[in-house]
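Enquirer: Swiss-Prot feature annotations, pasted as is:
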- K47: active site, charge relay system (ACT_SITE)
- S124: active site, charge relay system (ACT_SITE)
- S148: active site, acyl-ester intermediate (ACT_SITE)
Amino acid sequence: MKRALERLRQLPRANERFNIFNSVNLSAAQQVMPSEKPLGNLVVGIKDNIVTKKLPTTCSSGVLAGYMSPYDATVVELLDEAGAVTAGKTNMDEFGMGSGGIHSFFGPTLNPAFPERPTVAGGSSSGSAAAVAAGVVDFALGTDTGGSVRMPAAYTSTVGFKPSYGRVSRHGVIAYAQSLDTVGIGARDVGLVRRVFEVLDRHDPKDPTSLPDELRQQAAALRREKKHLKIGIPAELLHGSVAAEIRERLLVVLDKLQAQGHELYPVSVPAVKNSLLVYYMLAPAEAASNLARYDGIRYGCRDEDLDMSDEVLFAPTRGKFGKEVKNRIVLGNYNLCSGAFKNNYMKAQKLRVELINQFDSIFAFENICTGNKPNPAGVDVLLSLTCMAPPPSLEAFTSKENKSPVNSYINDVFTVPMSLAGLPCISVPLAGMKGVGIQLTAQFADDYGLLDAAEDVMQEQLN
């Protein structure tokens, strides 16, 4: 109880400095009481695209300013039942679109790991990662579409876990791209991530993409008896764009793992080279469809100051979207138009399937969804970097993105492939390099095996 109250006491000052929360639960301290529940008195931050009855849900967008949901998301209900105390709704890139945490109606989130200068916290779950890094929550929920939990975790030197697609309910999560969106968990250590995941890992009949119980039973059989891991190092995710200093630190970690008996193998997933292209064909197309509902009638609000008498009815509402969201709506609608649908969208779907099949071919476990046969000589996990470099300053990131939005899209190059395949991934801090993460990836549904491996990697870095 004392620790929870201390975190909540520090919250206003941290929020003022780093712009972490869009709204704060003013009664949180009164909710701290003796508890023996699984997450009793653990303080949590909820990303502002996960609906809550008692706090506004805005997606950091002017379109949803002040919106109050009539219900709680399933994950919020589960956390409440487990005894967690909600501190507030965390800042984010508008509707989850961005990798820097700067595209917010409420202003950019700053990185508590770099207090000496204004530095980006990563996106889109910027506020969730910043809340963990600032020490004002024990853990936070984010959403990961193409790296939105893992990238901020790397930039803030915290842990960010994206479960397998379908393991955690999306009911009550405001969609960006529904075939990719996954609720993720951020914390300081893997052990706490595991505790939270155990609470959230269950079938939800309200979510049509929730993994059914029969597949969860198959997933429970994915257990390793051996102590040492076979670790694959994907050649496509360790290229020349990575700074020499980061490569050197990564090699130190690999040497330590090998010294402890883990086996390292070079592997190749050639389809990774198409991942960014595929992602930006599919995700904006889904976003364009999802955001069409914000018409000022069912959802959203109208800008009464605009004289749009000669324009379309919904223009005053659509005008409240930020620049990045507008860019992706335009791109998504183009990819869905008659001329581009066959050449862009459908080809991207085929390339996505090819990527999934190639990932399946290098893992020792089978993919319980695709039915692809396991590779007896395959690896247990993949190890790569989460990002190419430490986080840039706010000024540098903004300047680079202003020159071309494509510059920021490249930040997702190491995280997007796993999202397209629906694989479980986790980013843990790289020892000796503040603001850089190691990314571990396992076969679909092997989430607990992945968490075991992540604990091993973190422990070996301490030795």
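Using the three backbone atoms N, Cα and C, a Cβ is placed for every residue, glycine included.
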Enquirer: Mind giving me a neighbour count for K47 (active site, charge relay system)? Other Cβ atoms within 10 Å of its Cβ, every protein chain shown.
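Expert: So the Cβ neighbour count for K47 (active site, charge relay system) comes to 32.
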Enquirer: What does the structure give for the C-alpha distance between K47 (active site, charge relay system) and S124 (active site, charge relay system)? Integer Å is fine.
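Expert: Distance between the two Cα atoms comes out at 10 Å.
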Enquirer: Give me the Cα-Cα distance between S148 (active site, acyl-ester intermediate) and S124 (active site, charge relay system), rounded to a whole Å.
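Expert: A Cα-Cα distance of 5 Å.
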Enquirer: According to DSSP, does S148 (active site, acyl-ester intermediate) sit in a helix, a strand, or coil?
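Expert: The three-state answer is coil.
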Enquirer: When you measure from the Cβ of S124 (active site, charge relay system), which residues in the chain that are at least 6 apart have a Cβ under 8 Å away?
Expert: M92, D93, G96, M97, G98, S99, G101, H103, G142, T143, T145, S148, P152
Enquirer: According to DSSP, does S124 (active site, charge relay system) sit in a helix, a strand, or coil?
Expert: coil
Enquirer: When DSSP is mapped onto helix/strand/coil, what comes out for K47 (active site, charge relay system)?
Expert: strand
